[in-house]
């Protein structure tokens, strides 16, 4: 058993593993197994193979449902930005998973514990263990806490331009005049809340709020996209 | 509704869609939508995005469970051979999915209906529709009929060398003498059935049968792998 890991998962994420041996496998690097041949340990690579595919599906399904009018190309670019070494290593670090990896001495000296590729592997292998222990539902709950909030925190905003998406959608069927109008600004100067509407050929399609005009416009475009798609 | 498709799925695979509109989306190409702008149709690309990830997980999970002693590298190579345009286009063709695609006239003339990349897309989009309609269980049942039997039919045998895998597993803990011995050959000359055993340091680990000595050896190695892994 890896000391402290089960408590950590329980306290931080409300997760209790039915089969903690899966966690041992998920957090054990091949270099540790090689140094302890008598313990007959398993290392994480097989379980990581599974976890990688689990993440691919869970993220795809979430994006597919959350952005019902987003074209496939944009969905794919967004998925690629979320399901990648850079993102996964950050998620692993945020969960303090680096502290629980069982590493061989050589790898420890080489500072592998902080290597993004290893952190990414551990995030995937943890997901593979969680999937086996608690099914897709358990994984969806965990990444609902750790991964998906990043969309609202702006991590992927460079890929989420709702104004461009709305424009592309509206102009599919010919030329359309799109305009954004400020309705109100409320609150004190340092905490102003703007409300904007977006119109096509004079008809209001959506309203959005935000702490800047730009953010309020993006939210108005997003509201319009949701409405148009629900038709 | 696409004529004949729901009957086909019911007769061939016992599948009845609760939401047949998903099937319409899955089998409609963008070129058809462009030619019929008034019908406000959806084309398959978004649903294909989902189906691709569904296949990735279903195949990964199946391989992970079926080959419990297979190292990650080999699992990945096998998955890549199963989840690819070449395989998916063959599965789509086998299911006669090509007959039901709604295509624009230009694409029809260009013989897109038989293009492997389009057939692959349609297989993925069908899987995306099936997943939304009947969950992962429904997809597992369908690919249990169409995809996984190909493993036993030898489609991927060049990637499934059980003898090498057994040797690698046994020699992990030091030098081991592995030998294959013919036990019997039965049946007429044109339909002979060979039985072989595999031993490590003189202890029999597995028995296998086949229509050639080579096939019987592979099956003996596979039996040994299953036994060693169950320990």
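Backbone N, Cα and C define each Cβ position, glycine as well.
Just so you know, TrEMBL annotations are computer predictions that nobody has curated.
Among the candidates A:35, A:45, A:48, A:217, the one that TrEMBL lists alongside A:121, A:124 as binding Mg(2+) is A:48. Within 8 Å of the centroid of the Cβ atoms of A:48, A:121, A:124, where the record puts Mg(2+), the same chain has further Cβ atoms from A:44, A:45, A:47, A:49, A:51, A:52, A:120, A:122, A:123, A:125, A:128. Separation of the C-alpha atoms of residue A:121 (Mg(2+) binding site) and residue A:52 (active site): 9 Å, rounded to the nearest whole number.
Under 8 angstroms separates the C-beta of A:48 from a C-beta of chain B, among the binding-site residues A:48, A:121, A:124. Other Cβ atoms within 10 Å of the Cβ of residue A:121 (Mg(2+) binding site) number 24 in total over all chains. Less than 8 angstroms from the CB of residue A:52 (active site) sit A:124, A:127, A:128, each of them six or more residues away in the same chain. Once Cβ contacts within 10 Å are tallied over all protein chains shown, the binding-site residues A:48, A:124 are led by A:124.
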